[in-house]
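Following: one structure in structure tokens, then a few remarks.
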Amino acid sequence: MTRATNFTELYAGKGILDTYMVAEKITRYYTQDLIQLSGLSESSLTPLVILDLACGTGVVSDALHDMLNFQPKGNWELTCGDISTELTGHVKQKILERGWENSIAKVVDAQNTELPTGHYTHVFAALAFTSFPDTYAAMKEVMRILQPGGTLTISTWQRTEWLAVVEAAVAIIPADLPFPTTKEFMSCMNPGWDSEDYVHSRFEEAGFHSVQVTTISKQFETSVEDLYKIAQPVIPIIVSKWWNQEQRDKYENDILPALQRHLNETYGENGLVPQEWTAVFATGQKGS
């Protein structure tokens, strides 16, 4: 795993697939809400031309195939795009193994997709906009590639409880070490996307109408092992932003052992960690 000090480096680095394979166990809980909000099943546009933008391991694409499997293949097509060659390669293999003849996967930069203008009926971007270096460019690009009457539907994290577990582990270290609040962490790259009002305003500012925004929470349990794997690659980002050089030099290497100890002592070596994560969902249409 690449040691990334910001999210752009993390997504572009080696080993991101391993992290996503763990994270998809959680992100799957939120895919049906995303698709339902889009109104895809009631769409009058035909054929359906769908883009899964920042597709990751393809959890949204999985759900789309489950939902539309009864449709003749000529009635819909799917493009899976991600900036990561590692993730795109994984989805390409999935397409081959599952025989998704109407689907392709390709490397796509959300800010400059190089995809055709006015082509897609629906664009999905699940839990992605906070990771785009330029969200204004990404919004403009989605508007360009949508057909008239097409729909953008997104989700973004508002609250994820794994951060509190890491904070408790850092508190074990015998030093007065700063730690971000959830709000501060969620805002460290693209502030505002954890707010319904902000997301609504960004959709309208980009020219979308019939905008709907809602917040949905899910309760679940994740294994001690998986929570450790989720936190591990993000810790360098936290210490790079909130710790000074002296603190990093002295204590960064203590965090993972402290996290493992805290997890084992609190939940058991093979235990489950109760979690409640909250996401903001939004959808809007391009004018016809």
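Heads up, residue numbers simply count up from 1 along the chain you see.
For all residues, glycine too, the Cβ spot is worked out from N, Cα and C.
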Listed co-binder of S-adenosyl-L-methionine (same site as ASP82, ASP109, ALA110, source Swiss-Prot) among THR46, THR57, THR151 = THR57
Cβ neighbour count within 10 Å of ASP82 (S-adenosyl-L-methionine binding site) = 28
Between the binding-site residues THR57, ASP109, ALA110, where is the Cβ count within 10 Å the lowest?
-> ASP109
On the Cα atoms of THR57, ASP82, ASP109, ALA110, which are listed as binding S-adenosyl-L-methionine, what is the maximum pairwise distance in Å?
-> 16
Kindly assign ALA110 (S-adenosyl-L-methionine binding site) to one of the three DSSP-derived states: helix, strand or coil.
-> coil
